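Participant: Quick one: the structure is below, questions incoming.
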Amino acid sequence: MDNPIHRRCTTLRGLVLRVAAAVVLLLSPAAVTPVASHNDHGVHNNYLVLVRSAYEYDKKLHQNVSSWHASLLASVCDSAKETLAADPSAMTRLIYSYRNVVNGFAARMTPEELEKMSKMDWFDRSLPEQTYHLLTTHTPEMLGLTGDPRRGGLWNTSNMGEGIIIGILDDGIYGGHPSFDGAGMKPPPAKWKGRCDFNKTVCNNKLIGARSYFESAKWKWKGLQDPVLPISEGQHGTHTSSTAAGAFVPNASVFGNGLGTAAGMAPRAHIAFYQVCYEQKGCDRDDILAAVDDAIEDGVDILSLSLGHEDAIDFSDDPVSLGGYTAILNGVFICAAAGNTGPSPATLVNEAPWLLTVGASTSDRRFVASVKLGDKVEVDGQSLNDPKTTMGDPRPLVHDADGMCANENVLMAQNITGKIIICDAGGVVSTEKAKMAKRAGAAGMIVVIPEVFGPVVIPRAHAIPTVQVAYAEGQKIKEFLQTSGDATATFVFKGSMFKTPQSPMVAPFSSRGPNRRSRGILKPDLIGPGVNILAGVPSIEDVELAPNAAMPRFDIKSGTSMAAPHLSGIAALIKHAHPTWSPAAIKSALMTTAEPTDNLRKPIADVDGKPATFLAIGAGHVNPQKAMDPGLVYNMTAVGYVPYLCGLNYTDQKVSTIIYPEPPVSCANLSRLEQDDLNYPSITAILDQPPFTATANRSVTNVGAASSTYVVELEVPASVKVEVNPTKLTFKAVDEVLNYSVTIKSADGRAPASPVEGQLKWVCGKYVVRSPLLVVAGARQA
């Protein structure tokens, strides 16, 4: 196996000392292009260099992949010896040498060197540096993981994910957090080959791996300190890790809110942490690739990525897509956040079909606080103030002069001492507004949430007593202020309340489809809890504590970043229960059992109160109990995506880049697969030309009762006609595979003016295997 020193922080200086023979002597003359010597002081940038699929390193000439990549780089730079003599500092050029995720390397080069490299026979293409961003107690009970297994609780039946390794790519982890206590945990399985850079008092049987990836980021962001350990003062990585697989921690709360025992989705799973993101900077593409490269060799079972790029990236250029394909090729399930730029359409990221792309929903828990107006009317909102907090007598109610409380000088001039001030969202974040209002003497603050958020409120801890209210409720308070001659109000903090009607609901920020790179694949795949999630953090941000007060170790965060680790942990439970299932089978089980309805048995609503579309919820909201026993699955191997990629009109070289380290392919020698024919758990029919008809073919594998007959049920609007052949599937054995086709026609012979939604179900007793059916017009790439 490749020595880690060849993998991390590899430099040409080290390679000259270590493998001079491989670089200088063992290369045939035809393999080396001499380069004129020059003083290496040009402007350097980071590039991901992809090598043509026909070229692979020769083990007889090079001791490892790193030495081969170094020789390729040296062939267009000054020879190692000459450059060392001229400028030793210039030798840190080879940033990463990839072994699994791509056939290529990351390096620092001048534009002139890159131009010279582009003329080499082995050169395919280069990609300039890219930055990705993080997509930012009660949910185990809400999702049915707790309780008597006879009543559906899954923790006992799945042994809480014991022995499964979840790899988390994020911004750092606070290793000493009680959520990562290894007491009672068994050692990781023998296949684990990773390392933990914390000491033995921090690394344990829970947190088994922790590493930093910084070699590309440090050149991009000058002055950024090289982390000795994968620690971050930010909350994100600790929060996502404890959500996926945190240990049981009693008496967890945020200032008394949400009090209970905190636990991740898979409390007995192991955590391997890979730091690839840095506060206020982002996540470098080449560092992400390096982390996935190592995680696969380390032996992780699940990869959880709460990060993404703001644009729709070509699958052959995107580290999440590239690393994800190699992951599933090695049997690793990969889960990625959908993005936080909703509710606008076509904002979704991480679109590749081999990823589980997760949108965010609300839970049924609220942290309730009321604004009690002077006329005794109470307006409900939410707050993270301690439920024991009391405001006392009503206080004068005022509205900030500029509306948003974003100017401290304006606040000071208004004489708000002892008053409750109403602040609209916008300008600076509400936690900063609270600090300014406190300095100006305010007794409390009401924050009015933007109208686009509908009824969804995301409370934060503030420096003064604060109630955050939905836009509609805020207008009631403002109307009272305008019509009352002497308006007063006080706060009533009520703490956690459950069973909120119309739960779950789509989070307003959750990114929406359609899939811009492949409209024939419905994304997101499904939604999971991502609003007001209580999980572990190093400390609470933006709050001033009383002297000697203990810093809370849990906080509330929201985002598809929070939804993705929920699904990663649930996937770990399924993986433990069904160790032979492929990533595609696990994904299918999650999708075909997802719920399209809320706790009132009505269609899941969007924030405008209307039923959410498939482009917001995908297959629906995750139901772990049903996913553990789905009846049928839509199974696929990694190579099954190759004809699909050819059908997207990718070049042979791009397809070969994506599927590396599989052998290169020629699409001309393969049967191209249309998007609607990919064996996906959801069905999207694109009616792009007359006669506006499409046929989707599917295969289902029996993982339920050996002898079983499934009958099809269709629910589609009158604007389309749908035929399924056959209408009945009779299985005689477990793992038996049967095929069916779905033909979708426009009822009036015209392309649909807007997306048409329906559903196809295969029903057999307790099993309902449901596929959302989406019919759209237009081009196959958005």
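Just so you know, glycine gets a Cβ as well, placed from its N, Cα and C.
Any TrEMBL annotation is an automated prediction that lacks curation.
Taken from TrEMBL, the feature active site, charge relay system applies to Asp170, His236, Ser561. According to TrEMBL, the feature domain 'Inhibitor I9' maps to 62-134. According to TrEMBL, the feature domain 'Peptidase S8/S53' maps to 161-598. Per TrEMBL, domain 'PA' is recorded for 396-477. The domain 'Subtilisin-like protease fibronectin type-III' annotation in TrEMBL covers 677-775. The feature signal peptide is assigned by TrEMBL to 1-37.
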Participant: Could you check the active-site residues Asp170, His236, Ser561 and say which one's CB has the fewest neighbouring CB atoms inside 10 Å?
Facilitator: His236
Participant: What is the interatomic distance between the Cα atoms of His236 (active site, charge relay system) and Asp170 (active site, charge relay system), given in whole Å?
Facilitator: 7
Participant: Reported as an integer number of Å, what is the Cα distance between Asp170 (active site, charge relay system) and Ser561 (active site, charge relay system)?
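Facilitator: So the Cα of Ser561 (active site, charge relay system) lies 10 Å away from that of Asp170 (active site, charge relay system).
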Participant: Determine the mean pLDDT over the domain 'PA' (396-477), rounding to the nearest whole number.
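Facilitator: Across the domain 'PA' (396-477), the average pLDDT comes out at 91.
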